Amino acid sequence: MKCFAQIVVLLLVIAFSHGAVITGVCDRDAQCGSGTCCAASAFSRNIRFCVPLGNNGEECHPASHKVPYNGKRLSSLCPCNTGLTCPKSGEKFQCS
């Protein structure tokens with residue numbers, strides 16, 4: 001029951017946060033549709049969701065660039081969309 005309550009809270013937080021799009025629960029990129037990756041939850045690396053690839057100006061992880069990735073992603077951020085890179089911009093990395 002505790003796990004269920006945590007998942008419900010997690011989904012509510014993500015649903016009401018700016019720009020969050022969740023397309024489904026997954027384990028690996030191959031389970032997600034085109035233009036998405038299977039990213040770890042920011043709250044628990046044991047929970048993963050299909051999340052859209054990063055667009056221009058969105059935060060990214062510099063080491064997360066392969067799609068599909070055959071393993072389990074540890075980052076809560078997907079790589080940037082095709083044609084974009086993930087350079088450092090100020091204090092964080094952003095797709096550009």
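The backbone N, Cα and C atoms fix where each Cβ goes, and this holds for glycine too.
If you check Swiss-Prot, you get these features:
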SIGNAL    1-19  signal peptide
DISULFID  C26-C38  disulfide bond
DISULFID  C32-C50  disulfide bond
DISULFID  C37-C78  disulfide bond
DISULFID  C60-C86  disulfide bond
DISULFID  C80-C95  disulfide bond
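Sequence features annotated in Swiss-Prot and their locations in the structure.
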{"residue": "C26", "record": "disulfide bond", "Cβ contacts under 8 Å, 6 or more apart": "C32, C38, R48, F49, C50"}
{"residue": "C37", "record": "disulfide bond", "Cβ contacts under 8 Å, 6 or more apart": "D29, C50, V51, L53, S64, V67, P68, Y69, R73, C78, P79"}
{"residue": "C60", "record": "disulfide bond", "Cβ contacts under 8 Å, 6 or more apart": "G54, L77, C78, P79, C80, C86, F93, Q94, C95"}
* Asked: If you draw a 10 Å sphere around the Cβ of C38 (disulfide bond), how many other Cβ atoms fall inside it, taking every protein chain shown into account?
  -> 24
* **Where C37 (disulfide bond) sits in the secondary structure, as DSSP reduces it to three classes** => strand
* Structure fact -> Within 10 Å, the Cβ with the most other Cβ atoms among the disulfide-bonded residues C32, C50 is that of C32
* Structure fact -> Across the disulfide-bonded residues (C78, C95), the Cβ with the fewest other Cβ atoms inside 10 Å is that of C95
* To do: Please report the DSSP secondary structure of C32 (disulfide bond), reduced to three states.
  => coil
* Which is it, of C80, C86: the one of these disulfide-bonded residues whose Cβ has the most other Cβ atoms within 10 Å? -> C80
